[in-house]
């Protein structure tokens, strides 16, 4: 059965089910659309290029064949996926001057966006666990963070994220949309679609809060707990150089964690706000464009190993070690 069938209005009503949505986009003036197109295209090329460069460095550079960089490579794949789910479709709409998206395509975009964002939550938690073992239990680090454990953590992240995305998508498909169909955003997401539903969204919003607490709250608590132990261990290091190295490996990850969870809480924990849509556009740009574009810079800026590997890739040389 088509997902669209699930949202048809009840028999006996004169309302017509919405077959497509109109995404209003970032700007509605035609004069600004070419500017937005150029900026988004530039951001997409920079983001995909930067993250794929990080992935290539992790794959080909022996110095980066470590658990921390294994997770970083997976994070780069997620960043490419996140921006690819939203930006190319928007670029296509800007070129064709067609702002509509079918109902099924909207739900598909919703599913894949939450799949990738959910994986981010748990992958960042796995990276915090990796730093905890590396700094607090260095003698048993190699056995506790074996390749099998690494793959299991990534697989568990995927399974949890898939369950979360499927839950929200199925719950959304049970809502009725009878018009209006204008989404004040540039991609399909839960808060904006809730505003358009002609049936009650109380259960959906309750589900979003409950699952959001599990998907974001639990990883955030685990990350804070891990880094409290890491901070205590680092402060016990007598060598200034040792402290500096430990903080540098954790600083990049903490920056990404703050950016990721901060915008997630702002976006999904304030449903019901009448002025939410315009603010959500800015948050959406940060989620799908700026954050994935910044991550390669954040992780390579203070990491000489990553910088060296990137230079070797760009210059066409391989490390001999």
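The backbone N, Cα and C atoms fix where each Cβ goes, and this holds for glycine too.
Here is what Swiss-Prot says about this protein:
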| type | residues | note |
| --- | --- | --- |
| CARBOHYD | 14 | N-linked glycosylation site |
| TOPO_DOM | 1-35 | topological domain 'Extracellular' |
| TOPO_DOM | 59-66 | topological domain 'Cytoplasmic' |
| TOPO_DOM | 89-109 | topological domain 'Extracellular' |
| TOPO_DOM | 130-149 | topological domain 'Cytoplasmic' |
| TOPO_DOM | 168-205 | topological domain 'Extracellular' |
| TOPO_DOM | 230-246 | topological domain 'Cytoplasmic' |
| TOPO_DOM | 271-281 | topological domain 'Extracellular' |
| TOPO_DOM | 302-321 | topological domain 'Cytoplasmic' |
| TRANSMEM | 36-58 | transmembrane segment |
| TRANSMEM | 67-88 | transmembrane segment |
| TRANSMEM | 110-129 | transmembrane segment |
| TRANSMEM | 150-167 | transmembrane segment |
| TRANSMEM | 206-229 | transmembrane segment |
| TRANSMEM | 247-270 | transmembrane segment |
| TRANSMEM | 282-301 | transmembrane segment |
Contact yes or no, the transmembrane segment (206-229) and the transmembrane segment (110-129), 3+ Cβ pairs under 8 Å, gap 6+: yes
Contact between the transmembrane segment (247-270) and the transmembrane segment (36-58) (at least 3 Cβ pairs under 8 Å, separation 6+): no
Distant-in-sequence neighbours of the topological domain 'Extracellular' (89-109), which means Cβ under 8 A and at least six residues beyond its ends: 2-4, 7, 18-25, 33, 36-37, 40-41, 44, 169, 172-173, 177, 186-188, 193
Secondary structure content of the topological domain 'Extracellular' (89-109), with strand meaning DSSP E or B: 15 helix, 3 strand, 3 coil
Closest-packing stretch to the transmembrane segment (36-58), where packing means Cβ pairs under 8 Å, from 67-88, 150-167, 282-301: 67-88
Overall pLDDT for the topological domain 'Cytoplasmic' (130-149), taken as the rounded mean: 93
